[in-house]
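One structure coming up, written as structure tokens, with questions to follow.
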Amino acid sequence: MGLYEDNLKGFILALLSSGFIGASFIIKKKGLRRAAAVSGVRAGYGGYAYLLEPLWWLGMITMIVGEVANFVAYAFAPAILVTPLGALSIIVSAVLAHFILKEKLHQLGVLGCVMCISGSVVIVIHAPQESPITSVQEIWNMATQPSFLLYLGSVIVLVFLLIFHFAPRCGHTNVLVFTGICSLMGSLSVMSVKALGTALKLTFEGKNQLVYPETWFFMFIVATCVITQMNYLNKALDTFNTAVVSPIYYVMFTSLTILASVIMFKDWDGQSTGSIISELCGFIAVLSGTILLNSTKDSDRGSSFRGGHAPLSPTLSTGLFSGNGESPKHDEENVLLPEEICLRKQEPY
């Protein structure tokens with residue numbers, strides 16, 4: 001299927017969103033580093049000094065702008081089109097991390113970026129056209145169908161297990177714990193954002209949806225999910241390399257969101273088998289690209305996945321040897337301050 005008018009609007013908004021969100025990862029990371037250096041307590045270990053850091057707030061504003069564009073995109077286009085375009089934010093983040101945070105992007109990483117872009121193009125070309133929705137109550141009926149309620153229950157159980165069982169035990173040594181919480185909650189937030197965005201779109205068109213309690217319930221779910229996502233995303237970014245967090249978060253978040261959208265909104269109903277296969281191939285290309293991009297990053301992958309030890313310093317990569325055996329660059333950010341040296345002695349191994 002080609003680009004329909006609404007799909008085109010959603011596509012453009014999703015592109016803008018990816019640019020802002022990709023840049024926000026780097027800005028927030030810089031803010032987290034500064035806050036940790038000043039306070040001596042990292043966000044990954046319960047510190048909230050970053051709330052007083054202007055650079056972190058600049059990153060938050062950048063992310064909010066991107067999320068607003070993303071929010072509006074969901075009102076025009078299906079999640080199966082908008083969500084995979086988040087791969088472009090991974091590319092933006094990886095390139096900026098290469099130049100600003102000195103987290104190297106190797107040649108295979110460039111190939112991964114190309115695969116992400118190619119897969120996104122295929123998905124855009126074959127994206128489905130949504131059936132028109134006339135009221136928020138229609139979306140509520142979709143959200144309360146047995147198949148989606150089963151998905152919802154599974155997500156809630158997994159999130160509680162990750163937060164209360166796995167996070168205290170291995171949250172700081174296994175990158176999948178924090179990113180898993182963000183991704184699971186993210187899939188629910190996208191469904192609620194889609195519902196809320198559609199309700200507001202209909203309201204602006206003259207069909208007031210604010211009189212229905214379902215609209216306000218979806219708004220409450222959006223707020224709850226977003227607050228939870230931001231909290232654990234901060235923990236993930238402060239504990240692990242940006243180049244590790246971003247691709248893994250994208251892969252898990254996108255996979256779960258597309259699954260939730262297919263269950264709730266029946267995105268593939270009415271599509272030809274060829275279009276569905278093309279979308280899956282494009283999605284696989286995007287996933288492969290992000291995995292390839294992730295595999296070429298300078299990161300302490302041993303501790304990220306196998307739980308070798310906690311990070312040694314308040315900044316994410318200061319004083320550490322990178323995953324490929326190279327020593328860290330002697331740039332301004334990698335010079336240990338006296339208070340950082342003291343903190344290294346206090347942190348657990």
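Numbers run from 1 along the shown chain.
Backbone N, Cα and C atoms are what each Cβ position is placed from, and that goes for glycine too.
Pulled the feature table from TrEMBL, pasting it below:
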type	residues	note
TRANSMEM	6-27	transmembrane segment
TRANSMEM	48-65	transmembrane segment
TRANSMEM	71-101	transmembrane segment
TRANSMEM	108-128	transmembrane segment
TRANSMEM	148-168	transmembrane segment
TRANSMEM	175-196	transmembrane segment
TRANSMEM	216-233	transmembrane segment
TRANSMEM	240-264	transmembrane segment
TRANSMEM	276-296	transmembrane segment
REGION	302-331	region 'Disordered'
COMPBIAS	314-325	compositional bias 'Polar residues'
I need to check the long-range neighbours of the transmembrane segment (71-101): which residues 6 or more away from its ends have a CB within less than 8 Å of a CB in the stretch?
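Hits for the transmembrane segment (71-101): 6-7, 9-11, 13-15, 17-19, 21-23, 25-26, 29-30, 109, 113, 116-117, 119-120, 123-124, 127-130, 190-191, 193-194, 196-198, 200-201, 242-243, 246-247, 250, 253-254, 257-258, 260-262, 265, 267-268, 279, 282-283, 286, 289-290, 293, 297, 317, 333.
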Can you tell me which recorded stretch out of 175-196, 216-233, 276-296 has the most Cβ pairs within less than 8 Å of the transmembrane segment (108-128)?
276-296
Counting Cβ pairs under 8 Å to the transmembrane segment (240-264), which of 6-27, 148-168, 216-233 comes out on top?
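Top-ranked stretch among 6-27, 148-168, 216-233: 148-168.
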What residues elsewhere in the chain lie close to the transmembrane segment (48-65), defined as a C-beta under 8 angstroms and at least 6 residues from its ends?
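Result: 20-21, 23-32, 34-36, 38-39, 41, 234.
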Can you name the far-off residues of the same chain, 6+ from the ends of the transmembrane segment (148-168), with a Cβ under 8 Å from a Cβ of it?
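Residues 142, 174, 177-178, 180-181, 184-185, 187-188, 228, 256, 259-260, 263-264.
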Six or more residues out from either end of the transmembrane segment (216-233), which same-chain residues have a Cβ under 8 Å from its Cβ atoms?
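Distant Cβ neighbours of the transmembrane segment (216-233) are 136, 139, 159, 178-179, 181-182, 185-186, 188-189, 192-193, 195-196, 199, 210, 245, 249.
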Determine which residues of the chain contact the transmembrane segment (276-296) at the Cβ level, with the cut-off under 8 Å and only residues 6 or more beyond its ends counted.
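Residues 80, 84, 87, 90-91, 94, 105-109, 111-123, 125-127, 243-244, 247-248, 250-251, 254-255, 258, 268 contact the transmembrane segment (276-296) from elsewhere in the chain.
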